[in-house]
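Worksheet: the structure to be examined is printed underneath.
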Amino acid sequence: MRQTVFIADLHLSDDTPELNRLFAQALGLWRHNTDALYILGDLFEAWLGDDMPDAAAREAAAQIKAFSAHAPVYFICGNRDFLLGERYAAAAGMTLLPEVREITLYGKNYLISHGDEMCTEDKAYLRFRRIMRNKAVQKILLSLPQAWRRKIAADMRAASRRRKGATGLSAITDVSESGVRAALARHPQAAAVIHGHTHRPAIHHHTFDGREVPRCVLPDWHDGRGGYLAVSETGCEMRPLPEKPAEAV
Ligand code: OKV
Ligand code: MN
């Protein structure tokens, strides 16, 4: 059966050779039965401008470009790769979509996003997000020499790791009920929600306006996990990464 594939939170970088191979392998297998691929953000661990992709990002561009000959590829920026722009998207054969988008698949409407905008309890993160998504702030960073950008990013990531180490994985970093309700209020036709970001894969059920609305949370690809959401005529199904056939190893 034909499927539309949704993934997020791979966090690829030059430090994740195993993961980068896994992604290339998944593309090779999806190619045969996939109508479209949606990447819902944080494909990359960091993004400092389309003028300085790391080796992993250059390889991914070639692989996604090859895949795009078989099925269209759509990309929504995450909280890490929010600076990914039209230049890289074109090189990878991807179409950039806005932060939140409603799409129709097999006769049903889906609301798709990275998901961080629905984490409305995490006030500190929302403040950080508002600053980082500001076009003037982005322009300043992108005008800095590459070495400075690398240094700023390394410092910011170290600070973020320290903070996460101190607070752990708390409830406020999850999507909130009110965040979901706000999104559904703006999209009354959406029959289901698909997002990533929280690294808490699940299919939740929300009751909104008398409708039952499933919310599919995509898995991240860390620590030997990974997986994808397959949407087909029969609905949504969370699947583990495809196994490579033995003879192809
Ligand atoms: C992305 C996150 C690092 C979270 C810097 C202006 C500034 C952009 C940037 C630098 C960092 C993205 C682009 C990265 C997300 C982190 C740490 C925590 C919670 C500026 C515009 F500062 F110079 F003004 N950056 N990078 N974090 O390394 O990809 O999302 S990043
Ligand atoms: Mn994220």
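Each residue, glycine too, has its Cβ placed from N, Cα and C.
Listed by TrEMBL as binding substrate are N79, R80, D122, S160, K164; the candidate from H197, H199, H204, H205 that the record includes in that site is H197. Going by what TrEMBL states, the Mn(2+) 1 site holds D9, H11, H199, and the candidate of D35, D42, D174 recorded there is D42.
The subset of binding-site residues (D9, D42, K164) lying with their Cα within 10 Å of the Cα of H114 (Mn(2+) 2 binding site) consists of D9, D42, given in sequence order.
If you take the C-beta of D122 (substrate binding site) and look for same-chain residues 6 or more apart in sequence within under 8 angstroms, you find I172, T173. Considering other CB atoms within 10 Å as the measure, the emptiest surroundings among the binding-site residues H11, H114 are those of H11.
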